[in-house]
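Enquirer: These came from TrEMBL, pasted as-is:
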type   : residues : note
DOMAIN : 508-637  : domain 'Pentatricopeptide repeat-containing protein-mitochondrial'
REPEAT : 260-294  : repeat 'PPR'
REPEAT : 330-364  : repeat 'PPR'
REPEAT : 365-399  : repeat 'PPR'
REPEAT : 400-434  : repeat 'PPR'
REPEAT : 435-469  : repeat 'PPR'
REPEAT : 470-504  : repeat 'PPR'
REPEAT : 505-539  : repeat 'PPR'
REPEAT : 540-574  : repeat 'PPR'
REPEAT : 575-609  : repeat 'PPR'
REPEAT : 645-679  : repeat 'PPR'
REPEAT : 680-714  : repeat 'PPR'
REPEAT : 715-749  : repeat 'PPR'
Amino acid sequence: MSLTCVRGCGLLRRQRQCFSFVSSSASSALMMEDHVFDESPKSYASFVLDRPVLQVPATRRRYFPLVSRVLKSLSWRVAREVRFWSWVDSHGFPHSINCFRIMVHAFALAGMRLEVFALLRDVVEFCNEANYNTFELFSALLDSPHHVERSGVVFEVLMKVFASNSMLENSLSVFVNAKNVGLEPHIRTCNFLLKCLVEANRAKCVRWFFEELKDRGPSPNIHTYTIMMNFYCSNAGCDSDMRQAAAILGKIYQIGEKPTVVTYSTYIHGLCKVGCVEAALMLIRNLNKQNQPLNSHYFNSVIYGLCKVGCVEAALMLIRNLNIQNQPLNSHYFNSVIYGLCKRSDVGEALQVFVEMKRSGILPDVYSYSILIDTFCKKGDLIKSFDLLDEMQRSQVKPSIVSYTSLIHGLCKNNRSQHAVEIFRRTVASSFKYDQIIYETLIDGFCTQGDVDSAFKLLKKMTCYNWIPSASSYRSLIKGYYKLGLFDQALDVFETMLRNGIWPDTTACNYILDIYFRAGYFNVALTLLKDFEEHGCNLNQHSYNAIICKLCKEGCPERALELLPRMLKRNVPPAFVNYRTLISGFAEQSNIKRAVKLFTRMKEVGITFNIARYTILMSIFSHSGSMQEAYDIFKEMKERGLHPDQISYATLIAGFCNIREWKKAWALFVEMKRVGIMPNVFTYTCMIDGFCKSNRIYFATSLFHEMNRYSVIPDVATYTVLIAWYHKHGDIGQAQKLYDEMKEKGVLPDDIIHNILGLKACKVQEG
């Protein structure tokens with residue numbers, strides 16, 4: 001396999017600007033020491049052979065006795081008398097690295113790897129701080145090009161030093177260079193580097209390095225394959241990753257190795273992660289048939305996998321079967337089931353499993369309680385949440401920050417922010433450490449209740465504890481001020497955000513843009529929108545819809561339409577809300593042709609329609625008097641298998657009544673009753689008004705009596721229509737009778753009725 005990965009990381013750079021090496025051997029060091037020793041250790045005879053002897057400046061001779069003492073005694077205390085940076089400070093880098101090379105090799109040949117690691121780490125740390133080229137350390141530490149085998153241990157340790165300090169390119173570079181000079185690092189060292197690459201999520205380099213080990217050595221062992229198994233299973237987001245994991249398992253069998261419990265656990269977890277729970281169960285059954293010990297991690301993964309795909313009952317059945325088979329149970333099994341049930345809002349069943357867990361002798365842990373507390377808080381059942389908290393404390397299970405966050409969030413959601421603050425203060429007083437989420441939850445709670453002042457004070461307190469407010473905190477304040485109509489304060493918060501280098505999130509952007517549009521600063525809003533786009537803020541369809549709406553209200557739907565390509569360019573596909581606004585804008589301008597064209601485009605780009613969306617479009621066309629287009633949408637809705645609801649019929653009936661198409665309105669009225677949809681008071685009133693305007697009072701009164709039979713209570717508009725007709729046609733008695741009836745039924749007359757009947761004085765007296 002090519003070295004693209006390595007070269008791409010700059011591993012084979014051979015820059016020489018930082019180093020000017022002076023070669024000197026251990027033998028030359030012994031010859032130049034100030035104190036003469038009788039003999040050299042016999043174990044280092046090979047170490048001092050065949051090394052070129054170069055003249056070293058006399059000013060640097062004083063360190064050779066120290067090197068010689070290390071060679072004689074192999075004393076770590078002697079070696080640490082002077083740190084590497086101190087050597088360099090006194091005698092320069094070339095001489096210092098030369099002395100350290102000699103000592104490193106001495107300890108390496110004696111098998112003292114910990115000492116080698118410490119010395120090399122000292123060198124690497126200095127090079128990093130001094131901005132020296134650490135890629136050149138391989139050449140600097142090579143003992144002899146003719147006896148490279150003497151440097152094998154040194155380079156293995158150097159690989160580990162680099163890898164443990166997250167200098168993975170350097171570690172790979174040492175591996176490549178060692179192979180190039182004929183050295184083969186031990187597989188243990190390679191496994192360490194491979195593991196570090198996996199943990200750093202360097203996928204490309206992991207794959208390259210693994211292929212390199214298979215092709216050029218050292219040959220992978222069971223630990224190598226287990227690391228790769230973990231790599232593929234941990235990153236399992238698709239079937240291809242698990243196919244690679246399966247191939248790894250097959251390779252382990254092929255080379256005659258026996259997979260470890262860790263290997264199987266990792267593979268089973270990966271299978272469950274991608275939804276292959278049946279395959280995981282089959283593997284466990286096969287292991288059981290082979291009398292291999294079953295690990296609890298196997299079942300943890302399977303139960304988690306079953307719950308993840310919604311098979312919570314199957315997971316619970318598995319737990320019960322394990323209990324029958326006397327397999328040890330643990331809290332993780334039950335927690336997965338409880339979480340799965342809570343996720344689908346079946347909190348009652350979750351509580352029963354919680355009780356079953358305790359009956360099985362498994363003590364609930366902090367996660368068990370926290371899952372239930374969070375669910376009950378979200379459902380608004382704060383009493384049960386606090387009961388669980390009390391039980392938790394009685395059972396000596398210390399609540400976690402998640403437990404308290406859920407409670408505080410639940411209290412804020414139910415407009416009990418002051419109670420939430422009390423819990424917050426009480427737990428802080430007991431030395432409980434909170435995180436930023438707690439503060440942001442309280443800030444949002446106060447803003448939701450309209451208590452923005454308390455939220456702002458809490459934000460200041462949060463900064464006193466060195467918590468940096470996030471976009472979420474500022475968004476809550478902007479939203480709070482916006483809903484109170486305090487637009488200046490909202491803009492002040494926005495400016496504070498920008499001064500602190502924090503850009504608003506999508507919701508905050510939308511509020512800020514809307515404030516400027518409401519205030520009439522259209523050009524300022526457009527400039528701000530451009531700034532948001534250029535800075536990479538995540539704008540959505542509602543961000544642009546504020547502009548579209550403003551342009552349409554000003555009678556410029558054509559200009560608004562020009563925003564759609566701009567949205568697409570920013571990867572924000574126009575949504576139903578944008579098309580709806582545009583269609584309404586064109587309809588109000590009586591440009592029905594363009595409105596219909598936009599409706600067609602909506603279908604072409606794949607926007608889905610439901611009854612509500614069809615009804616909205618019908619309403620737009622109805623209000624503009626374009627009833628043919630509205631009725632065409634109504635027919636299309638039925639052709640697509642959607643059944644119009646009460647509002648759909650009411651929209652069309654009102655539209656036809658407005659253009660005095662009484663027959664079509666009546667036909668729809670009859671149709672809706674035939675299909676079992678009961679007209680509401682608005683629909684009845686529309687038809688009564690239509691019959692009154694066409695002087696068909698008999699049908700109008702019939703519908704009025706029908707309303708009473710079906711318990712549809714007439715409203716003030718219904719009475720107004722009938723009273724106006726009777727008054728207009730001189731039947732004052734019937735008009736007065738209806739007036740008295742509406743007051744008896746608790747329907748308050750309005751100004752229109754009083755004007756019709758000439759009862760302004762009565763209205764004043766009644767008031």
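Residue 1 is the first one shown; counting continues down the chain.
Glycine residues also receive a Cβ, built from the backbone N, Cα and C atoms like all the rest.
Automatic, uncurated: that is what TrEMBL annotation is.
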Enquirer: Just to confirm my parser: what is the rounded mean pLDDT across the repeat 'PPR' (260-294)?
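Expert: Looking only at the repeat 'PPR' (260-294), pLDDT averages out to 84.
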Enquirer: Same chain only, please: residues at least 6 beyond the ends of the repeat 'PPR' (260-294) with a C-beta under 8 Å from a C-beta of the stretch. Say none if there are none.
Expert: 222, 225-226, 229-230, 232-234, 236-239, 241-242, 245-246, 249, 252, 301-302, 304-306, 308-309, 311, 327
Enquirer: Can you break down the repeat 'PPR' (540-574) into helix, strand and coil residue counts using DSSP?
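Expert: The repeat 'PPR' (540-574) comes out at 25 helix, 0 strand, 10 coil.
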Enquirer: Mind checking which residues of the chain, 6+ beyond the ends of the repeat 'PPR' (365-399), have their Cβ under 8 Å from one of its Cβ atoms?
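Expert: Apart from its flanks, the repeat 'PPR' (365-399) reaches 331, 334-335, 338-339, 342, 345, 347, 350-351, 354, 357, 406-407, 409-411, 413-414, 416.
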Enquirer: Which residue counts does DSSP give the repeat 'PPR' (715-749) for helix, strand and coil?
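Expert: Result for the repeat 'PPR' (715-749), in helix, strand, coil order: 26 helix, 0 strand, 9 coil.
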